[in-house]
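Database features (Swiss-Prot):
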- 1-41: transit peptide (TRANSIT)
- 187-206: region 'Disordered' (REGION)
- Gly456, Gly457, Ala458, Gly459, Thr460, Gly461, Lys462, Ser463: ATP binding site (BINDING)
- 951-971: DNA-binding region (DNA_BIND)
- 1012-1048: region 'Disordered' (REGION)
- 1034-1048: compositional bias 'Basic and acidic residues' (COMPBIAS)
Amino acid sequence: MSSKTVVWSSLGRFMRTSHHRLLDEKLFPASHNRHVQSRLLSTPLSLIAVPSWMSKCRTSAVRLSRHPPQVSGQEPCAVTASSSVGTWHGSSPAGLRRCQHVRSLNGWTTPGDVPIRHGSRSIATIATGCGGVGAGGINSSVDVAEVSGVSTSGVAAAPTVALPPGPPVEKPPLICVVRRATRGGAAADSVGTGTPGKCDKPPDSSNTLVGTIARVLSSSGECGRHSNANQEGYSLGSRPARKILVKLEADTVAAPLADTKEKQIYVQQQPVVVAQSPLARSSSTVTWEEGDTLVYNIFTQRVVKSSSASIRALSVLGVGVRSSEKELSVVDPHALVEFRDKLREKEVSWPSAWRSSLFNQLQHVLLKDQPMEEMISRVHELLQLHYQRVKRSCVANVTKGEPDTKTEEANPAGDEVAINGEMTYHERLLGYPDLNEEQRRVVDFVLRGYNTYIGGGAGTGKSLLLRVIRQELVSRGLTVATTATTGIAARRLNGATLHHCFGVNVYGEFTRRAELKEFDVIIIDEVSMLSKELFESLEFQLRRANGVDLPFGGVQVILSGDFLQLGAICSVSLVHSSVFRRNFAMLKLQRVVRQEGSSIFAQQLQELRRGTVPHDLQDTVQFLSPPETAKWLEGEGKGAVKLLPTNKEVDEVNQAELDKLPSDLVVYPAQMQAPSLVGRWTATYILEAVVKDTKMIDTHKLTRALEQYVLDFLQKTPYASDYTLPVVGQRYIVLYKLFVDAFAFRVRIPQDMSEKDMRDLALHLRGLETWLPACGLGVFLREILDSPDGLHTDADDYTLTRYAELHPMASPLRLKKGAKVMLRTNLAPGLVNGSLGVVVGFKELSAKHLPRFVNTPGRIAAVENYAEYLRYEHGFTTAFAPEVDFGGGRVIVVPPVLFSVGGLSNTNHYHVGIVSLPLSLAYAFTVHKVQGLTLAGRVHLELSRMWPCDHLLYVAMSRVRNPEQLTVSSFHNSLVRCASECLLFDDSLPPVEQVRVLPHFFQASWQRTPSRRKAALQRKREQAKQSKQKKAAKLKEAMIKQAKEATP
């Protein structure tokens, strides 16, 4: 075929004003070319299709065109359309819309089986006018590239390229548009004529434009990567068509074009090869176009595409993607300097949406008076610093949780329910041998596997007993959910609230039913506040989730609480539940340990508990009249903790007491951290959909297939008996929609998995590259990201934000010198949750002023981040921390502490950290708030505005260890009340020695079926480990012996 031959082929039908005409696919010689065009342009043509005649082959059609833009008022001479991506340009917007409408109704597609689409902002005619005729007299057209079906308006215009020296001719930039076809078939040859050839070595074209294109593709890595596809033997199958824009720089053009004719050049590309990327944080399995690369946006702390709006918006700062490491950096210093100058001259203002800490630090750098080079360097260093902080917690191929996250031994789900620890240092060291005889008997009975209710009055040691029970159960390899009905009780148990653990909404519905089948044992404390309806709903959901027609689905449930304390508001008490009375072995602790030093006061509290007023109560507790109360509070009672009926009164008292102090007010806001993953996980595998409409993908089928794929590997491990398909799906698999066209997939690493098995698991998951296309699930492996940072969804972000807003430490803390505060976490022995102190001053928030127990890398990093947060986002010239005197010579600077919320499956196991000072004003509390706590120091109970409420007075007065701590104002006998049904139930409870096991009681599944227990599995692992060590020792001895024998 001669060089003047032009390839013309029909794409289907084109529209006329009166009728349609079908063009057969033919090749026209150059002599007929001008005649055909003149005839076409003389008719009222709406659209002409000029596709590639090689579109049914796996090729990349490369079209070059160099024409001046259309001059206003000129007639369009030619209109082109891409057959491989379906980007259409009509002679007018109306004509294009008509054609598009007809084609969409008839379902017409291009020869490459790609639906015809048009760019929303590419309606106007792109072809040249009649005056734009080249040397050969042939009118040619200009193709406008469109990446992945998105109009060219979203792609930055290519810069003008300097051409080699020659006659001065006004010509637009030279752009090489590479189209990747979607169907595989016979390959095209390198020049578009002759027999099909390969891409790895084009014909000798060093002085031709074909050689230039080949060199450009080779330099960018496209051609070289694709040419090795057959050697590797991998193929990702059919995918949506894509285009790659390749800019031809001046020094890459070997020679100027001989004429301005449009040249058709076809360069074959083989199926995409799966590259074994050596990158530390990301492994890309395919080659992506410009704008399609995944980038971690350090400003928003989300993983986005490099063409996303959040990335493009940073171009005004001269910040863009550094492709070598997929990170943001200063790529256009001139734009940064220009924006800095306009900002300082107040020609532009700082965008209101740029409010994060990094944006504030960047604004501070730009407004600072410094040389241009130093400013650019500072911005670059600032970005790198934040990226380095993110990378510190990342380990290749393994995602680990936060260092402060509490995870139970042999408990894959333990990190979901044990996030905040509020035990005292002494209580952490207590175990089974430290319990009294009564408590040890309770532990022994619970370990028999029966559902158990543990009753007893305030101060009998129920919370401590539950912690020891959990330790014993976990040591036997069981998964234990430790919950409570109140937040304070949950933190005392190092657990979570029942509502948070199982996703109970305001209507009492369990929104995360799948979590219920993850546990062998469920512990619930403070059940007096648990309603009958919610409890029976829990039993039903456990039965349904586990598929076992036994009480609670075979899960052992341990309840604890005192029904003679405050109960559920506006709900039926649990004592009226037939499920509770029929299925639980019940007992009551008799020995009071809180008021052991005052037996008289302990006896009086027991009478109050039963709703009677002790006749000698005024001899033990100090009662005050209203006038006496005001005088006492100003004198001896100054600084006493006040117990009040409502939250409104508590806030008013705390604020009023703080306003009385003459010193300056300091406000400490809480810092919300970016979501991070809880537990140990593999890398995240990005699965992209083959079709653009992900609704066509059967997500359930995909999930089940991935579960089976992971189970195939786990069943080959030494602990295969512990895994079944439902267990793997509920505990070890996470699959969720991350982008419009992609899913995120990761696998939880079991607690006891060895390093070798972890490496084998990573290799097994890498096999998804070939396994997914072979299964025809509609997705293929796009990329592997070692770090999970930024891979949470908008729904995860919203849920975690709501959780954080409800956390008690999320509110700003207002302090003054002399303010009375209570510690809300455990810092050191003697400085535990509930410790009271006084703010004596403020010191700079730096490592040198903090106590020694804070001197750990994780805590130091949290302190540094919080100091920057105060300086850049809240205007602190110097970040200060309060210095608190806790008495006994303990004066310390209280550092910020990380509190965590979330981490369950409804947020894809992401949790958010709240960094705040672990203090709260301690002038007043509600009685409900202190239920379950033991208060230190003077306590004043204000009853003048208290209404009669069952058990409220008993709960309030039993919070102290010694009656000398307590004063009561406006006491009246009518305030002492007790619910009769709760009293009858409590009287019916037997002591531990007389606990009864009725014939219809069922033992939990973990007790009746030993194979479900992990203890046997642990013994098997220990035996395998010991056997391996013995073999290694024998091998070592043999090698030593052999070496000695070989020595002369």
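Using N, Cα and C of the backbone, Cβ positions are placed for all residues, glycine too.
Neighbour counts were taken at the CB atom with a 10 A radius for the binding-site residues Thr460, Ser463; the maximum falls on Thr460. Counting every protein chain shown, the Cβ of Gly461 (ATP binding site) has 19 other Cβ atoms within 10 Å. Remark: Gly456 (ATP binding site) has Lys462, Asp562, Lys588, Leu589, Gln590 as non-local neighbours, by Cβ distance under 8 Å and separation of at least 6 in sequence.
Counting residues per DSSP class in helix, strand and coil order gives 9 helix, 4 strand, 8 coil for the DNA-binding region (951-971). Listed in sequence order, Asp562, Leu564, Leu589, Val592, Leu605, Gln606, Arg609, Ser958 are the same-chain residues six or more apart from Gly457 (ATP binding site) with CB atoms under 8 A from its CB.
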